[in-house]
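According to Swiss-Prot, the protein has these features:
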type	residues	note
BINDING	G30, A31, N32, G33, S34, G35, K36, T37	ATP binding site
Amino acid sequence: MLVRSLELEEFRCFRHLHLVLPDRGLRLVGANGSGKTSLIEALYMLATTKSFRASLERHLVHRSSGSELGIPPYARLAAELFTETERSTLEIVLMVDPASGTVRKLYRRDGRSLRAVEFVGTLRVVLFSPEDLELVTGSPQQRRRYLDTILSTIDRAYLRALARYTRILEHRNSLLKSLAERDQRAADEQLAYWDEQLVTYGAYLLVARLRFLAEWGPRLRDHFQALDTQAQVLTTAYLPSIDLPESLLSELAAREVADAQLIVGARYRETLERLRPDELRRGSTLVGPHRDDVEFLLGEEPLTAFGSRGVQRLAVIAAKLAEIAVIHRVTDDWPVLLLDDALSELDQQHRAHLLATLSALPAQLILTATESDVLETPVLSSLPLFRLNDGRLEPG
């Protein structure tokens, strides 16, 4: 998959940008605040519908947007994509309500309006950034988001199940709060429907995650070993919130999907029944994929506690390289590779290894850095160099 062109209008610092991207990619150099991360962010949004850095979506819209035309603030992102068999255009329009500050997003593919679940996955990207370290050191929510993002872009059924599970969870939590003062029997009757829905979609998500990790994990291990030949073996462990022993977890990924979902569903149902009093007291669903975690292990010890920052960063790079391989295996296509100042914290040896690995892939590569010398290496010499300054793009 290739991004042939990118167009931004009133997005972040860009009033208007039209960029034609070479098939192999390009290098972007600019000071902090010049717009290079915003350009990467735009491509990421066109792939996932979400920003990897904005806490408030209205901050994505240029502060002066719409004022000259006398219309509400807006931003527009568009990209022209090519594969071996087809060509398509993606577009996202963000519209800000001036009174509330809320943002409405419109999605179009080839001019046709789509829902987010239909839009995601047309463009697939893998992002490398300094903040990726939080995949290892951050909260369980960040690791769940990582799994959900990958699986949603390669499996639209997973994305639909995730959206459905999230809505069910909201309804169930609201009901738990309203039933806090009721007796157990009345609560059981009213929760029965939502429990079954939660179990059905929750089991689907959990089994899909286990099957992904079974393929991703060995690739992660091998890439990490190539990056650090002296280190112990890097593995991962899925930590479910429902009662699933470790021995059973390893079996589930190898079973037929339907059988695995039945086993997980039965365990999930039992756990919900056991925790009913606690959930009613707290007014919240205490178990399910929304409470699970993934642990990185160096040897047999948690990487968070026993790995240096340098080793943790290598683990994240290995995770991203494994992600590329799985996406290619599942989709038979290469994702667009986005490196946002991801080389700055690597030593020369590991920087060279990463660039050699990525450059050997037939994938489009877009790299940013604050200093051009980081990107001026022989392996990247075929990629044109551009400089960004306050949203303006100039040949390097």
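Cβ coordinates are placed from backbone N, Cα and C, and glycine is handled just like the others.
Shown here: features listed in Swiss-Prot, placed on the structure.
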residue : record           : Cβ contacts under 8 Å, 6 or more apart
G30     : ATP binding site : K36, T368, T370, R387, L388, N389
A31     : ATP binding site : T370, N389
N32     : ATP binding site : T370
G33     : ATP binding site : C13, D390
S34     : ATP binding site : C13, L388, N389, D390, G391
G35     : ATP binding site : R12, C13, F14, L388, D390, G391
T37     : ATP binding site : R53, D340, D341, T368
Taking the recorded ATP site as G30, A31, N32, G33, S34, G35, K36, T37, identify the other residues of that chain whose CB atom sits within 8 Å of the mean position of the site's CB atoms, giving them in sequence order. S38, T368, T370, L388
Helix, strand or coil for K36 (ATP binding site)? Use DSSP. helix
